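Working notes for the structure below.
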Protein chains: 2
Amino acid sequence: MANVSKKVSWSSRDEDSAQGEDTPLLNGASAVRYTRQFSGSSIFHIGRLSTVDLEEEHSEEEGAVLSRPKEIPHNEKLLSLKYEGLDYDNSENQLFLEEERRMSYMGFRCLEISRWVVCGLIGFLTGLIACFIDIVVENLAGVKYQVVKQNIEKYTEVGGLSISLILWAVLNSAFVIVGSVLVAFFEPIAAGSGIPQIKCYLNGVKIPRVVRLKTLMVKVGGVICSVAGGLAVGKEGPMIHSGAVVAAGVSQGRSTSLKKDFKIFEYFRRDTEKRDFVSAGAAAGVSAAFGAPVGGVLFSLEEGASFWNQMLTWRIFFASMMSTFTLNFFLSIYNEKPGDLSNPGLINFGRFDSDSVEYNLYEIPVFICMGAIGGLLGALFNVLNYWLTIFRIRYIHRPCLQVMEAMLVAAVTAAVSFTMIYFSNDCQPLGPDQSEEYPLQLFCDDGEYNSMATAFFNTPERSVRSLFHNPPGSYNPLTLGVFTLSYFFLACWTYGLTVSAGVFIPSLLIGAAWGRLFGILLATITSSGSIWADPGKYALIGAAAQLGGIVRMTLSLTVIMVEATGNVTYGLPIMLVLMTAKIVGDYFVEGLYDIHIKLQSVPFLHWEAPATSHSLTAREVMSSPVTCFSRIEKVGTIVDILSNTSTNHNGFPVVPRVSDDNEPGRICGLILRSQLIVLLKHKVFVERAQSRLQQRRLQLKDFRDAYPRFPPIQSIHVSQDERECMMDLTQFMNPTPYTVPQETSLPRVFKLFRALGLRHLVVIDHENRVVGLVTRKDLARYHLGKHGLEELQLAQT
Amino acid sequence: MANVSKKVSWSSRDEDSAQGEDTPLLNGASAVRYTRQFSGSSIFHIGRLSTVDLEEEHSEEEGAVLSRPKEIPHNEKLLSLKYEGLDYDNSENQLFLEEERRMSYMGFRCLEISRWVVCGLIGFLTGLIACFIDIVVENLAGVKYQVVKQNIEKYTEVGGLSISLILWAVLNSAFVIVGSVLVAFFEPIAAGSGIPQIKCYLNGVKIPRVVRLKTLMVKVGGVICSVAGGLAVGKEGPMIHSGAVVAAGVSQGRSTSLKKDFKIFEYFRRDTEKRDFVSAGAAAGVSAAFGAPVGGVLFSLEEGASFWNQMLTWRIFFASMMSTFTLNFFLSIYNEKPGDLSNPGLINFGRFDSDSVEYNLYEIPVFICMGAIGGLLGALFNVLNYWLTIFRIRYIHRPCLQVMEAMLVAAVTAAVSFTMIYFSNDCQPLGPDQSEEYPLQLFCDDGEYNSMATAFFNTPERSVRSLFHNPPGSYNPLTLGVFTLSYFFLACWTYGLTVSAGVFIPSLLIGAAWGRLFGILLATITSSGSIWADPGKYALIGAAAQLGGIVRMTLSLTVIMVEATGNVTYGLPIMLVLMTAKIVGDYFVEGLYDIHIKLQSVPFLHWEAPATSHSLTAREVMSSPVTCFSRIEKVGTIVDILSNTSTNHNGFPVVPRVSDDNEPGRICGLILRSQLIVLLKHKVFVERAQSRLQQRRLQLKDFRDAYPRFPPIQSIHVSQDERECMMDLTQFMNPTPYTVPQETSLPRVFKLFRALGLRHLVVIDHENRVVGLVTRKDLARYHLGKHGLEELQLAQT
């Protein structure tokens with residue numbers, strides 16, 4: 001690795017002065033400054049003494065590595081620069097402070113009440129959407145299965161079941177094509193479950209288009225089609241995304257897409273408030289999907305919260321409760337039992353009887369074993385899906401191809417299902433309390449039905465419930481084994497298709513199948529069948545293990561599972577199982593969502609800085625030199641800097657006066673690109689204010705009106721005369737940005753950054769002069785690899 | 001109110017220079033500096049322009065107000081200075097960084113694993129303690145009730161029941177005297193439930209002696225005595241305190257009281273780690289008490305977490321699970337059903353059948369009504385208890401008096417109970433599935449029992465369960481009404497006695513009683529009895545409402561109730577009820593724990609700064625002038641400053657050189673009193689290092705060994721020669737303390753302080769010079785009163 005190549009003009013001088021005066025600490029540290037270019041370079045292992053040089057002319061030996069990013073635009077060793085951070089930290093400029101100080105105590109009370117109203121609305125609308133999806137899917141799937149069932153029954157006698165197969169495959173493909181076209185051509189961000197995207201958003205990364213109305217429309221349409229199309233997917237994951245979009249929309253009191261402004265909730269038009277509401281929306285989504293309001297709150301906190309606030313949590317809980325309640329209420333009306341509120345959630349694990357719920361001490365090792373199996377299978381699933389995703393990124397990036405792949409998967413799913421059912425000879429008697437919706441007789445005797453069909457010829461939600469609750473003996477082990485195997489690969493192939501779909505239900509289904517199999521085998525091996533009598537219990541544990549092995553969620557998933565089961569007795573075993581699955585799975589590969597986040601090269605901040613990163617200081621991680629503005633700056637300079645596409649900075653420290661030789665000035669504020677854009681748009685120039693005294697003073701409202709889609713700098717016309725004007729940034733900049741000295745260790749910088757949800761952190765020297773800027777990318781670059789601390793490369797894509 | 005009285009010498013100069021150079025913002029703001037004296041003065045209302053002068057000579061007109069604090073040492077308008085903050089923020093000095101950098105990745109893994117081991121141990125031991133308390137209480141109470149019952153049966157026939165009354169009262173008093181003597185004479189901090197103290201600890205306030213072994217012993221002994229003594233108390237609250245003590249002990253790997261050092265977990269000997277473990281301990285306590293592991297986690301987070309960390313949360317959850325599991329397991333062995341793990345927790349609400357669990361939409365307004373009643377009754381309870389506590393603080397502060405009061409309450413409780421039972425003529429038939437432990441026949445016919453006795457002649461836990469589950473018709477309305485009334489006042493009188501006891505169970509019992517009464521009346525009024533058939537459901541809702549009205553916990557209490565019920569269906573109604581109770585209750589008075597915290601004048605930081613505090617800046621809230629040390633400081637100066645009892649500062653900014661005229665220097669570090677004490681103790685003087693080169697270099701271990709009971713400065717002998725030596729603070733100070741500019745608004749300062757759990761926050765001017773220091777007291781002083789922002793006075797007591 002090359003050594004220090006170039007010091008920016010003033011930085012060496014600064015170091016000298018620091019040594020000379022009162023920072024002898026610097027002598028001991030082997031800190032090295034470097035300028036950074038984003039053209040790409042390889043991954044460096046950072047030791048205490050390593051120095052990094054990212055300038056291309058010095059790294060010819062890394063040419064081979066350098067060329068890789070061109071092959072694979074998405075790579076988990078890259079960090080994309082196209083993602084911006086959210087401004088979770090309020091810019092407390094003069095306008096803001098004046099507004100806050102003007103506001104009376106009653107004003108704050110009203111705000112607080114409107115926050116509650118917004119959360120209630122979010123919950124209500126999310127519940128409604130869940131209800132809509134559920135009813136439409138049930139009906140479409142019902143029609144489909146009825147048609148196919150009649151067809152099969154018709155041809156079972158006379159032969160020619162291949163026609164049924166074709167009918168089934170065509171119906172499935174038709175649904176899936178519609179869903180896939182919607183996603184691929186109209187809104188690609190609506191693909192998948194949306195959970196990785198929402199995780200990123202809650203982490204503080206702005207994912208373009210993720211919380212737009214159009215995304216919601218496509219998501220809802222897409223998920224209906226893909227579930228009705230019989231893919232191995234669930235409708236639960238997308239609910240989380242839907243809830244988030246609802247929250248982002250409702251809380252702003254307007255729709256930019258529909259160009260409709262209701263003139264309400266204007267105070268909430270900033271990232272701080274919006275992100276809080278989006279957490280509530282995500283929680284409401286989880287809550288509607290699983291009937292798990294507490295689980296929803298924990299999901300939001302686990303994924304999003306940097307700072308836990310009691311009132312916020314309580315509001316999130318309210319949104320969650322509202323959404324479960326709404327869904328529950330409308331479904332109860334739809335099911336003609338109005339007012340019966342004891343069946344919350346899109347998926348319902350059914351009621352576990354008190355008798356079957358009990359477990360014994362000696363079962364705990366068995367559960368832990370199952371957790372390990374779940375971890376292994378989950379890791380396998382993730383690795384396969386990872387390869388598949390890499391393949392997709394390389395070769396299947398055109399929408400047409402994506403639609404064709406989705407169609408293919410739909411047809412194959414139907415074909416596999418049909419073949420399985422066809423060759424299965426597991427016939428079970430039709431009981432009096434028949435829980436099967438579409439019992440297929442096929443080649444079974446009268447009064448019997450094909451047991452394989454209960455698993456395949458059904459919506460996945462119903463199949464899960466059957467596996468949990470059907471009495472012992474409903475399935476034979478071979479059926480379960482074959483089903484697990486085939487569904488595993490189908491689900492793995494399906495996740496990542498260009499359709500809206502979740503991975504929760506397929507995971508649960510796979511797990512429930514092998515869990516039940518496990519339970520049956522256990523009862524067979526141990527002759528004392530009565531103890532291990534209930535295979536449904538093992539199905540539940542298996543489902544938890546598999547899901548935990550794939551998504552690696554912890555506390556929130558435990559609570560979600562417990563709430564969906566409706567019985568807290570299983571808390572301990574589920575927790576143990578999830579913990580084991582996570583530990584075993586993490587040994588091999590990360591969770592599915594994290595894999596997809598990494599493949600998108602999102603600068604995602606984890607909870608803590610890598611353990612061994614105390615050797616790094618702010619000086620080493622910061623970006624420098626920093627582009628600063630003078631407190632009173634020439635318009636031309638501002639326009640030029642904002643227009644510079646090669647840097648594309650978003651936050652600019654403000655100093656009293658930028659000197660010509662780029663000497664660092666004392667920090668006196670921080671201003672954002674978005675604020676400058678608004679100022680330019682309104683032409684807030686010193687000369688104008690002097691000439692036209694009646695000109696309206698810019699208010700916070702003007703910034704809010706432009707939020708969140710600030711126009712690009714190119715669309716703002718600045719004449720040659722105006723370029724010579726001056727702009728006074730004093731009342732618009734944040735006069736008290738958070739700063740750290742340059743000797744601060746990386747974990748300390750990280751903690752401050754993460755706890756306060758910052759976007760820019762100014763690094764200062766001992767005289768309060770700006771020497772660098774730490775942004776999200778500077779912190780997300782470092783991660784613990786197999787060989788110690790590794791650094792990701794930055795890419796413009 | 002008097003105007004600015006005195007500016008510290010340099011502060012006016014600093015203001016001038018700020019105006020002259022680059023902080024024109026200051027011109028607009030009406031900021032005023034003031035020096036502060038802690039002798040006490042009245043409460044000021046702070047407006048945008050008000051200026052505060054706390055010097056006594058200017059406030060003769062407030063003499064009447066000033067004299068009050070002498071009467072009442074504890075006052076909710078005071079903020080005590082005797083409480084120190086915890087150092088949750090790591091002091092990242094050179095020693096620390098060197099240690100961290102030396103540590104390998106495997107070292108961090110081992111640390112992580114030992115954290116898990118500690119959490120497992122915490123859970124296990126907490127579970128064991130809960131188990132011990134439960135078994136001892138059950139047996140003692142069993143013996144007592146058997147003796148009294150036999151006595152009553154003997155005298156019912158022959159007359160002379162007054163002897164039974166005396167027997168009962170004497171037995172109760174005997175138990176209570178033992179418990180009360182333990183608490184009053186040996187460890188007064190063990191009084192009450194300990195929840196307010198743990199709340200404070202988790203909030204970051206060091207409460208003296210609160211997590212010591214002796215406190216645990218007294219707590220356990222005390223709670224056994226007070227529950228066995230038949231007081232209107234529960235054994236659940238104290239479990240939270242017990243868990244916290246266990247955590248603080250186990251995590252340190254040694255006991256200072258027993259002078260035993262196991263030489264393990266040495267890394268955890270600092271406030272940061274200890275506080276995290278104490279959260280786990282508190283959660284384990286809740287979990288053992290209510291069989292509510294998730295509730296426990298949420299309790300810890302709601303009370304303690306400033307920064308939510310996924311791994312920490314997961315560990316806390318593990319501790320919680322372990323504690324429920326341990327308790328469950330050992331109790332199952334004790335109950336001779338080994339391995340049956342479906343009965344977690346000290347209190348168990350019993351199993352609500354699936355049928356009785358359902359509720360209907362039209363019941364929700366009824367539930368909300370009950371929530372409002374709970375809020376009102378809770379507020380009444382709190383107000384009465386507040387007055388009582390004030391009375392106790394004024395007049396009952398001698399241990400003997402405290403023991404006598406406890407004895408009196410015990411006797412009165414027995415007398416009231418006996419009278420109630422005696423005059424009740426509510427006889428119920430003894431059913432075949434008799435759930436009563438000690439059915440008293442008294443004057444009832446054969447085959448019947450006195451229904452009032454089920455409520456009074458029983459441990460409160462059993463009474464709660466009877467109210468939830470006894471079939472409709474087990475109680476007549478009059479019994480319930482009289483019981484509610486008498487128990488309400490008894491419980492209110494009991495809370496705050498000098499005994500270890502919790503308020504959860506009495507609250508639940510009061511609520512369950514009036515809730516059941518409410519249900520019965522509802523069924524009577526509406527002729528359609530079948531709909532409102534189950535009074536047990538209303539008992540549950542009433543219990544939630546009453547408890548919520550008293551303690552005002554929100555999310556965590558919902559989850560605790562749901563987990564204790566074992567059924568998630570009641571989630572929504574319980575949440576609505578708790579929310580209503582909180583809103584209604586907060587209108588009148590704060591929660592019980594908050595009242596007691598305020599009466600102790602603890603500088604407790606809430607989640608956010610008061611809404612209207614944007615008008616204040618760091619300049620106005622900070623303490624100044626600040627005592628700074630030079631980087632190389634004379635030992636004599638350090639000893640003198642540390643010995644100054646009138647200031648008693650704990651954190652000292654370090655500047656290159658303190659000038660004689662007290663001109664502020666540039667911040668280059670922060671050093672704590674505890675660090676200085678250790679340095680003085682080891683005589684780490686520059687001269688010594690030069691003369692004896694072989695002298696061992698001070699290591700982090702030396703600081704850890706002294707933690708947490710650093711000796712007072714008076715115990716360290718420094719000779720006159722040594723006073724002339726110099727100390728080099730460079731490698732011991734934290735070189736990168738968090739700083740804020742003096743224009744930072746209070747909410748912004750507050751957020752930084754709270755999110756990072758700081759103890760000292762240095763306020764700097766634009767040239768990075770120390771101008772002030774913000775500590776916990778400076779922030780906790782401000783709160784929203786009836787007339788806007790109010791400021792509490794500071795008191796040395």
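Yeah, the Cβs are placed from backbone N, Cα and C, and that goes for glycine too.
Per TrEMBL, the features are:
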COMPBIAS  A:1-11  compositional bias 'Polar residues'
DOMAIN    A:733-791  domain 'CBS'
REGION    A:1-26  region 'Disordered'
TRANSMEM  A:116-137  transmembrane segment
TRANSMEM  A:165-186  transmembrane segment
TRANSMEM  A:216-234  transmembrane segment
TRANSMEM  A:277-300  transmembrane segment
TRANSMEM  A:312-334  transmembrane segment
TRANSMEM  A:364-388  transmembrane segment
TRANSMEM  A:400-423  transmembrane segment
TRANSMEM  A:475-496  transmembrane segment
TRANSMEM  A:508-532  transmembrane segment
TRANSMEM  A:538-562  transmembrane segment
TRANSMEM  A:569-589  transmembrane segment
Are there residues at least six beyond either end of the transmembrane segment (A:312-334) with Cβ under 8 Å to its Cβ atoms? List them, or say none. 115-116, 119-120, 122-124, 126-128, 130-131, 134-135, 243, 247, 276, 279-281, 283-288, 291-294, 296-297, 300-301, 340-341, 343-346
Among the recorded stretches A:165-186, A:216-234, A:475-496, A:569-589, which has the greatest number of Cβ pairs closer than 8 Å to the transmembrane segment (A:364-388)? A:569-589
For the transmembrane segment (A:538-562) and the transmembrane segment (A:277-300), does the number of C-beta pairs under 8 Å, pairs 6 or more apart in sequence, reach 3 or more? yes
Restricting attention to the domain 'CBS' (A:733-791), give the mean pLDDT. 90
Take the domain 'CBS' (A:733-791) and count its residues per DSSP category (helix H/G/I, strand E/B, coil), listing them in that order. 16 helix, 25 strand, 18 coil
Who are the chain neighbours of the transmembrane segment (A:165-186) in space, where the CB to CB distance is under 8 Å and they lie at least 6 residues beyond its ends? 140, 144, 147-148, 151, 214, 218, 221-226, 228-231, 399-400, 402-403, 406-407, 409-411, 413-415, 417-418, 497-500
In the same chain, who gets a Cβ under 8 Å from the transmembrane segment (A:277-300) while lying at least 6 residues past its ends? 118-119, 122-123, 126-127, 129-130, 198, 201-202, 211, 235-237, 239-248, 250-251, 268, 312-313, 315-317, 319-324, 326-328, 343-348, 504, 553, 555-557, 559-564
So if I exclude everything within five residues of the ends of the transmembrane segment (A:475-496), which remaining residues of that chain have a CB under 8 angstroms from its CBs? That is, six or more out. 192, 231-233, 377, 381, 384-385, 388-389, 392, 409, 412-413, 416, 420, 424, 426, 428, 451-452, 454-456, 467, 503, 506-507, 509-510, 513-514, 516-517, 520-521, 592, 596
What same-chain residues lie close to the transmembrane segment (A:116-137): Cβ under 8 Å, and 6 or more beyond its ends? 216, 220, 223-224, 227-228, 235, 239, 242-243, 246-247, 250-251, 265, 268, 277, 280-281, 284-285, 287-289, 315-316, 318-331, 334, 346, 459
Sequence-remote partners of the transmembrane segment (A:400-423) [C-beta within less than 8 Å, at least six residues beyond its ends]: 161, 164-165, 168-169, 171-173, 175-177, 179-181, 184, 229-232, 392, 440, 442, 450, 452-453, 456-457, 482-483, 486, 490, 493-494, 497-499
